[in-house]
Structure formats: C-alpha cells, structure tokens
Amino acid sequence: MNGLNTSTSEEFILLGFSDRPWLELPLFVVFLVSYILTIFGNLAIILVSHLDPKLHTPMYFFLTNLSLLDLCYTTSTVPQMLVNIRSARKVISYGGCVAQLFIFLALGSTECLLLAVMSFDRFVAICRPLHYSVIMHQRLCLQLAAASWISGFGNSVLQSTWTLQLPLCGHKEVDHFFCEVPALLKLSCVDTTANEAELFFISVLFLLLPLMLILISYAFIVQAVLRIQSAEGRRKAFGTCGSHLIVVSLFYGTAIYMYLQPPSPASKDRGKMVSLFYGIITPMLNPLIYTLRNKDVKGAFKRLI
C-alpha cells in the first residue's frame, strides 16, 4: 500500500485527553467499570437466552446477536484504552491500529443493520401477530442476521482499505482514544475530500436509511397498538418496543452526530466524548435496558437462579 506503509514498523500515539492529565484517573475508572458491566451484562443475556427454552424466539435470537456484537465491539478498543490511560507512552502498534479500525467499523456497521432487523421483527409481531411464526421462521432469522454481519464487515473492508491507502508523511499522533476513520483521515498530508464524501455517503446508507426503516416500522406499530382494546395489551406491546426504541435513540443519535456532522475544530473534544458514548456507554446500557424493562428476561433469570 502507498498509505500507511511508511509507518508499518512504527507505533501511533493515541492522544486522547493527554493534554488534561487530571481527567485520566476518572476516565480510567469509568472505562473499567463500564467494560466490566458490559462483559457481565451481555454474557448474561447470551446465556439466559440460550438456556431458557421460553426465550428461543426470533426476538431473543436477534438480542443474542446484539449482545455478542457489543461484547466484541467494546473488547476491540477498551482494553487498549485502559492500558494507554495508565501508561506514560500512549501508543498502539500499526497492526493494532489496523485491527481496531477494521473491527470497530465492522461491528458498528453491523449494529446499524441489526437494530433495523429487530424493528422489523417487532413490526411483524405486533402488526401481523397471527402470521408471526410463519413470517419470522428460523431460516429468515438466520438470513437477516447473516446479511447484517456480512454487510457490516463488507463495509469495513472498503472503508478501511480506502483509509489505509492515504499517505501520512510522518504523522503519527492520532487525536483520539482509538483508531477510527475520522481521526485517521486527519493524519493524511493530502486532500481527503473524496474520502470524506465517501464516508458521508456510506454513513447515510448505514445510519439514515436503517433509521428511516425503523421509524416507519414504529409508525405502523403505534397505529396497531392504539387499535388494541385492552389497556394491558397496549402496555405490553409498548413495553416490548420501548427497550428497542431507547437503544436505537442512544446508538443512532450519537453515531449520526459523529459521522454526519461537518468537521469542526471547535467540536474536537466533543467528538471524542460522543465516540466514547456509542463505543462504550451504549453497549453497557443495552443489557440493562433490555433486562430492566423486560419481564420475560427477568423471569428467565429467576428460573435459572
């Protein structure tokens, strides 16, 4: 490659908030606690969904995929961040930077599509309840999940390749906590307008289009729920969708802010915090949101205990 090949034997410096050393200890504690909660929370959902026969449904199949994704998502960045925060040399190898870039981008793209698939599942469950088991059969669920994962990793291959081909001209300081496309584009010593346009276009495909499908699905869901005569039925329908809507709002809101906002030097630190939110805080909150608001999952935990 002509891009980062000048730095293949070197290390990159991840600046993070190194200009504010008083933030390092609080951030280390927040990251460590968030990572531990993410690991245990998502593992618990995977185990309980697998072990309890009552949760062998499409909804929990997709939720298991989301939990597995969040486990890998945070593990690709947080351990390195914890090491760098407590280290005087805040570095990452070239290979580690490439791996972070590829995995983080692949799993983030996959989550965009998976959340849209989960909204389709809720749409069928509420708007077509009598045909739910016929429509959402096991083969379709596997195909939808596989399409999400394959599309996410395919997008990562393209974007990572285009980003890594940019020449750095000796620049090694990444003004971020981890290797992410917007931060690496700033290292290039050539015009990155084409790369930024490509990133914007793909972000529209993976963020705005799935979000539009989710909003359309929930417009039909709200109409169907309001036609339910029973107050208990309406409450249960809104309850099963409420958790998903909260997760969608947290993930898409922060990701759209990061990838679809014009670059601005004034919002540099704000962009770092937003990246940390959708890269660390959201995967930690997902299991809490789904368990605290879901009677089926709480009941399954009680039965297993």
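Backbone N, Cα and C atoms are what each Cβ position is placed from, and that goes for glycine too.
Features as listed in TrEMBL:
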- 41-290: domain 'G-protein coupled receptors family 1 profile' (DOMAIN)
- 25-48: transmembrane segment (TRANSMEM)
- 60-78: transmembrane segment (TRANSMEM)
- 98-120: transmembrane segment (TRANSMEM)
- 140-158: transmembrane segment (TRANSMEM)
- 200-226: transmembrane segment (TRANSMEM)
- 238-260: transmembrane segment (TRANSMEM)
- 272-292: transmembrane segment (TRANSMEM)
Of 98-120, 140-158, 238-260, whichever stretch has the most CB pairs under 8 A to the transmembrane segment (200-226): 238-260
Contact call for the transmembrane segment (238-260) against the transmembrane segment (272-292), three or more Cβ pairs under 8 Å: yes
Maximum Cβ pairs under 8 Å to the transmembrane segment (140-158) - stretch from the list 25-48, 98-120, 272-292: 98-120
